[in-house]
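S.K.: Dropping the structure in here first, questions after.
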Number of protein chains: 4
Amino acid sequence: MATDAQQACFEAGIKFGSLYHQFSGTPVSPSSARSLEAAMAEAIENQPYCEAVDVTIHDDRVADAIDHENGYTELTGSLMDVEMRIDYEGVAVQTRMEMEDGYPLMKLVAVADDDPSRSGDAAPSPDADPNA
Amino acid sequence: MATDAQQACFEAGIKFGSLYHQFSGTPVSPSSARSLEAAMAEAIENQPYCEAVDVTIHDDRVADAIDHENGYTELTGSLMDVEMRIDYEGVAVQTRMEMEDGYPLMKLVAVADDDPSRSGDAAPSPDADPNA
Amino acid sequence: MATDAQQACFEAGIKFGSLYHQFSGTPVSPSSARSLEAAMAEAIENQPYCEAVDVTIHDDRVADAIDHENGYTELTGSLMDVEMRIDYEGVAVQTRMEMEDGYPLMKLVAVADDDPSRSGDAAPSPDADPNA
Amino acid sequence: MATDAQQACFEAGIKFGSLYHQFSGTPVSPSSARSLEAAMAEAIENQPYCEAVDVTIHDDRVADAIDHENGYTELTGSLMDVEMRIDYEGVAVQTRMEMEDGYPLMKLVAVADDDPSRSGDAAPSPDADPNA
């Protein structure tokens, strides 16, 4: 019922919500940020249709967020940037999470269909088009 | 760049991934299942564009999963059904998670655009493509 | 090898770590705080030796933490107080999480052994202290 | 009020509950297990009084748990062993999580006080003992 592009966007959203709510709250410091970045990326790349995940935890923001003597903070969206690439049935979706007005926003950056016989969401599929 | 329908599907996916990875692993028994269902639904309904969430934890499956004397198990996708309704700029998306071949599958059930001046993703409108 | 009182304290710690890391990050608003409090308490009360859990999410702090237009924030330790009572083999442990110097601190409030034939951790045994 | 040894055991429990409920549910496969082990250990080592954490995710158990075509499973206690060493005010606590009767059990392995002027939990502190 949904188009492949819609399904690709749905899959992209699942990965973002998963990454965020699995890992937010994790104790993090500049010295543990690299292993956490790697684990987050590799964990989510296990999920279906997920081609690539890149997580950057900003050490300067982590250091700024450490406001007590214990030397660590908890991971939140404001400490990291995330980029993901999803590929569902030939539809590639690029997504990004980054700070916008102080709020970590998850965004669709691009939706691209590599199948020239489909023109993406804006046009009918052969099946749906009686004139095809 | 993305269509409203694609964006709506992306938002729907975010909610599903969030719900699943925030709450899976929660200790659950038949006697605590009702409060967990309510909290899961109300928590995710806070998120943007999320109109309604319905969570059903199946007590019989919870009871079957309690395999030790402690009387509880951990929430997993196999113990529950989830339905959600997302509304993004007039595009309504229905989603569902349910068991399929032993695997809890998150699905797009329907994508519906209530704006007659837009054709939605599935087909061109005369207005949008006078040459079709 | 460990005493019952030490084991009771270990069990108390497990419950606190579980509650905190299972639920921190959950989307929360004043209107969803009650169901989340109930679910947190009932979920952790499932765990072994956990007699009672009381969670108070402070609506005023939640409201203050909502700094964007979406109308919700994510649960952190700074938004709630938690009290728990653990009972392990007759040793009762009271614990509390509350803000201290801006940091949510988990604390042992009291460790009490109800068995007069054991000295427990809080008092000397005749064997261990011949001068008592 | 609590002894140092009791406090050390409480801290040990917090770390175990944190590790388990932060990371259980993470998508994992044999190829992503190493980065997850590292991230789990380094994250929890950030917490106060936590000297060392060692996580072993068993690839054979992960492989056995992958029961669908997607090639990954979700982390649960049954897939890993965890050892931790806590040091609180000179009291060293060794803990371990391992499978026992099909249930992942968190255990106190040893509680050792390195201060010869204290005899641990079984004896009074100088303040409590008028004969000291």
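Cβ coordinates come from backbone N, Cα and C, glycine included.
Heads up, TrEMBL stuff is auto-annotated, nobody curated it.
From TrEMBL, for reference:
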- B:Glu11, B:Met106: substrate binding site (BINDING)
- B:119-132: compositional bias 'Low complexity' (COMPBIAS)
- B:3-108: domain 'Dihydroneopterin aldolase MtpD C-terminal' (DOMAIN)
- B:113-132: region 'Disordered' (REGION)
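What does the local environment look like for each feature on the list?
M.R.: Sequence-distant neighbours of B:Glu11 (substrate binding site): residues of the same chain at least 6 apart with a C-beta under 8 Å from its C-beta are B:Pro48, B:Tyr49, B:Cys50, B:Ile86, B:Tyr88, B:Val93.
Counting residues of the domain 'Dihydroneopterin aldolase MtpD C-terminal' (B:3-108) by DSSP class, helix then strand then coil, yields 43 helix, 37 strand, 26 coil.
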S.K.: For the domain 'Dihydroneopterin aldolase MtpD C-terminal' (B:3-108), what is the mean per-residue pLDDT, to the nearest integer?
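M.R.: Mean pLDDT across the domain 'Dihydroneopterin aldolase MtpD C-terminal' (B:3-108) comes out at 95.
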S.K.: What same-chain residues, at least 6 away in sequence, bring their CB to under 8 Å of the CB of B:Met106 (substrate binding site)?
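M.R.: Within the chain, B:Met106 (substrate binding site) has Cβ neighbours under 8 Å at B:Gly13, B:Phe16, B:Tyr20, B:Thr95, B:Arg96, B:Met97.
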